[in-house]
Amino acid sequence: MILSGKQIKDSLGKDIVIEPFNEKQINPNSYNLKLHNELLVYDEEVLDMKKPNKTKKLIIPEEGIVLEPRKLYLGRTLEYTETDKYVPMLEGRSSIGRLGVFIHVTAGFGDVGFKGYWTLEIFCVEPIRIYSGVEICQIYYHDVGGDYEKYSSGKYQNNKGIQPSLLYKDFIN
């Protein structure tokens with residue numbers, strides 16, 4: 001079952017944390033999250049799964065920044081979230097998608113117990129000017145059936161900002 005907007009609001013401070021929270025961003029069954037003003041781009045000709053890849057930080061100015069097609073931009077949500085007993089899911093807003101912008105390539109699924117900012121895998125099909133503070137995606141929550149263990153020690157848990165791929169850690173050992 002997906003939580004309603006009212007259930008999301010009622011769970012704030014208990015099983016769900018969204019900081020900062022703005023009631024205007026609540027939808028019937030989700031909450032809109034905003035884009036932070038920082039982006040990362042990979043600074044390598046060829047990315048390598050077995051090693052950390054160099055990145056370069058971009059700051060989105062007030063007048064926005066034009067994203068190039070066929071280039072991956074890593075962004076993050078302005079909001080910090082925590083979930084105690086629900087599965088958090090992230091989807092792009094349809095208004096953003098209708099401009100040819102994808103906010104996640106594959107990672108729209110969170111784990112029960114996730115704490116941190118959501119890293120966005122932003123990709124566009126045409127050049128587009130984007131702005132920090134835009135409501136770029138929405139988070140929604142599923143109930144979990146059965147017993148579960150909370151996510152507590154994963155690579156991306158308790159992050160403080162944009163997280164480039166840490167896949168290389170899976171190759172250690």
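Just so you know, glycine gets a Cβ as well, placed from its N, Cα and C.
Straight from Swiss-Prot, the features:
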type	residues	note
BINDING	R93, S94, S95, I96, G97, R98, D111, T119, L120, E121, Q138, Y151	dCTP binding site
SITE	G108, F109	site 'Important for bifunctional activity'
ACT_SITE	E121	active site, proton donor/acceptor
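Among the recorded positions G97, G108, the residue whose Cβ has the fewest other Cβ atoms within 10 Å is G97. Rounded to a whole value, the Cα-Cα separation of Q138 (dCTP binding site) and E121 (active site, proton donor/acceptor) is 14 Å. D111 (dCTP binding site) sits 18 Å from the residue listed as 'active site, proton donor/acceptor', counting Cα to Cα. Under a cutoff of 8 A between CB atoms, and with a sequence separation of 6+ in the same chain, the neighbours of R93 (dCTP binding site) are N32, E135, I136, C137, Q138. All chains included, 21 other C-beta atoms sit within 10 angstroms of the C-beta of Q138 (dCTP binding site). For the pair formed by G108 (site 'Important for bifunctional activity') and L120 (dCTP binding site), distance between Cα atoms is given as 9 Å, rounded to the nearest Å. Secondary structure from DSSP puts E121 (active site, proton donor/acceptor) in a beta strand.
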